[in-house]
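Engineer: Okay, here's the structure, questions in a sec.
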Ligand SMILES: *Cc1c(COP(=O)(O)O)cnc(C)c1O
């Protein structure tokens, strides 16, 4: 089988074992006699898939009982609107910590709904770091504080949280299950699946009980979290195949030894790549060391031509999707949970080899 090494930021690489298993079960899933693609979302066979997937996510992330797990559509981007629509109370503000393009987009949607405040931003530093959170103060009338836990485009990640009594909401699209966290530090965590969890088309929302049920009257039914928690993600047809694929990904993570082991692997992969960048005479990382992402690693040379030459060089070695986001330029390697160490080693080898050719 001739498969490339895929460094795409999303939709992104999935473990070959998971793809092969989906293939082998495609026409007869879980011995139900039909494919998961054909199953009614109200069937016993699908309800089992849904409840197993939820239980496994609860186990792997250690999600307390007072949090609900939802599988929604509309991507992380729809959450940018659903969050303020459901949680931003009258006469209150929503605080946003701005660490990159995705948090800017989240803020833009919240502004359409109600009162917002930016309590910290690293924009003046081109988002090359997470702003200092020790000094920020939050007012009393806050509905929530929104952060982007891992910044997919800029390659930074939060290693500590702002101090606040308001619930913290984390857009963890590109970080979910990549390292151990304490779910009860958050009011809500959400993630589009296509980075670390599975295929596109399904968004995971983990939300604390007490935040549900305060939406204003008149909020359209589909946009209300309560609709989906009451119906257990089955108010309407959920993204059934996506949920099934998340289930397979979670079983794969479980079989490796859970999030602890995945985090160990992720740290090993990221250290190797950052070491290669830091030791290189032509590549450099734009990101402040303490805030570097474990999942998305931007790097550059000093010239656009050399960047382009490297992308060609890498592509000839089947190392693909390394072009940086247009707002940052250079290269970006997304090395999500599914990516084995061996693939990162191949990238590092290609970087050293390319550097030799430049001498
Ligand atoms: C990809 C991404 C999004 C957007 O996700 P969609 O599912 O495409 O809406 C939002 N936030 C972060 C941090 C992302 O990486």
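Every residue gets a Cβ built from N, Cα and C, even glycine.
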Engineer: Name the one residue among 132, 171, 217 that TrEMBL lists for the same pyridoxal 5'-phosphate site as 76, 77, 102, 152, 194.
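Structural biologist: For the pyridoxal 5'-phosphate site that includes 76, 77, 102, 152, 194, TrEMBL also lists 171.
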Engineer: When neighbour density is defined as the number of other C-beta atoms within 10 angstroms of a residue's C-beta, which of the recorded positions 42, 195 has the lowest density?
Structural biologist: 42
Engineer: Sort residue 102 (pyridoxal 5'-phosphate binding site) into helix, strand or coil using the DSSP assignment.
Structural biologist: helix
Engineer: Could you tell me the mean pLDDT the prediction assigns to the domain 'Aminotransferase class V' (4-347)?
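Structural biologist: It averages 97.
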Engineer: Quick check: in three-state DSSP terms, what is residue 171 (pyridoxal 5'-phosphate binding site)?
Structural biologist: strand
Engineer: When the Cβ positions of the binding-site residues 42, 76, 152 are compared with the atoms of ligand 1, which fall under 6 Å?
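Structural biologist: Close enough to ligand 1 are 76, 152.
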Engineer: Do you know offhand how many angstrom separate residue 171 (pyridoxal 5'-phosphate binding site) and residue 42 (L-glutamate binding site) by C-alpha?
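Structural biologist: Computed Cα spacing between residue 171 (pyridoxal 5'-phosphate binding site) and residue 42 (L-glutamate binding site) is 30 Å.
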